[in-house]
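See structure below.
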Amino acid sequence: MRYLVDTHTHTIVSGHAYTTFLENVQEASNIGLKVLGTTDHGPSMPGGPNLFYFNNFKVMPRKLKGVTLLHGCEANIIDFKGMLDIPDFTQKKLDVIIASLHDVCIRPGSVEENTEALINVMENPYVDILGHIGNPSFPINEEVVVKKAKEKNVLIEINNGSFVSRKGSEETCKKVANLCKKHKVNIIVGSDSHVCFQIGRFPKADNMLKEIGMPEELIINNEENKILKYLKNKGKLKDLNLD
């Protein structure tokens, strides 16, 4: 399957990634991506950017080198109540927010605690995507989370990077994907790139989705406008006109 969108990418601003915004855009253009999300880590990540970075996206272009640009954040969930490490006044300015659990920002809890964190964060209307919920460091009740995502119209990410960097993720990601298929919940495949050469490349995630027969209509990033319409329907991207 050809993917035209990657909403989960990092720049050197994240502190442990290795390419710049412009290098990422150039690579996205080179491989034919139509939409690129820049979602650097929130400020509680060691080495991450401060809030001024996220509050200054007004200076950034909407399109560059034939690529529509989404300026967002992979925000860290910092407690089991679903609190994020960026305040509401920043959240409302962003094009896209991925909410993720990272063990350097919150201690892994019990299945009940981790599930509660994800359930609670989906009550936040600015959250668009749950990031890498297949991470075995944070065991969850996958079916409860998937059903809540459908109720709250939140996208479930299938994170290609998890297959490589988070040992044991493959089985959980497959379980999550099968539940999304069962309950007809929209998913989005993300590279979680920390260097430009990973952008738009989802081989392991794509192979798994093919293996389980994931319906293409549930995959948001196999067309350019699916993600843009999704975000506009949430009141975002007000400056963007869709042809």
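Using the three backbone atoms N, Cα and C, a Cβ is placed for every residue, glycine included.
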Return the residue out of ASP192, ASP206, ASP239 that Swiss-Prot annotates for the same Zn(2+) 1 site as HIS8, HIS10, GLU74.
-> ASP192
So HIS41 (Zn(2+) 2 binding site), by the Cβ count within 10 Å over all chains shown, scores 26
Starting from the Zn(2+) 1 site formed by HIS8, HIS10, GLU74, ASP192, give every other residue of that chain whose CB sits within 8 Å of the mean position of their CB atoms, in sequence order.
-> THR9, SER14, THR39, ASP40, HIS41, ILE98, GLY131, GLY161, GLY190, SER191, SER193, HIS194
Integer Cα-Cα distance in angstrom, HIS16 (Zn(2+) 2 binding site) to HIS10 (Zn(2+) 1 binding site) = 9
Output field, Zn(2+) 3 shell: CB within 8 Å of site CB centroid, site GLU74, HIS102, HIS132 dropped = HIS41, ASN76, ILE98, SER100, LEU101, GLY131, ASN135, ASP192
Near-site residues: Zn(2+) 2, ref HIS16, HIS41, HIS194, CB cutoff 8 A to centroid = HIS10, SER14, GLY15, ALA17, ASP40, MET45, GLY47, GLY48
Out of HIS8, HIS10, GLU74, HIS102, HIS132, point to the one nearest HIS194 (Zn(2+) 2 binding site) in space (Cα versus Cα); all of them are binding-site residues in the record.
-> HIS10
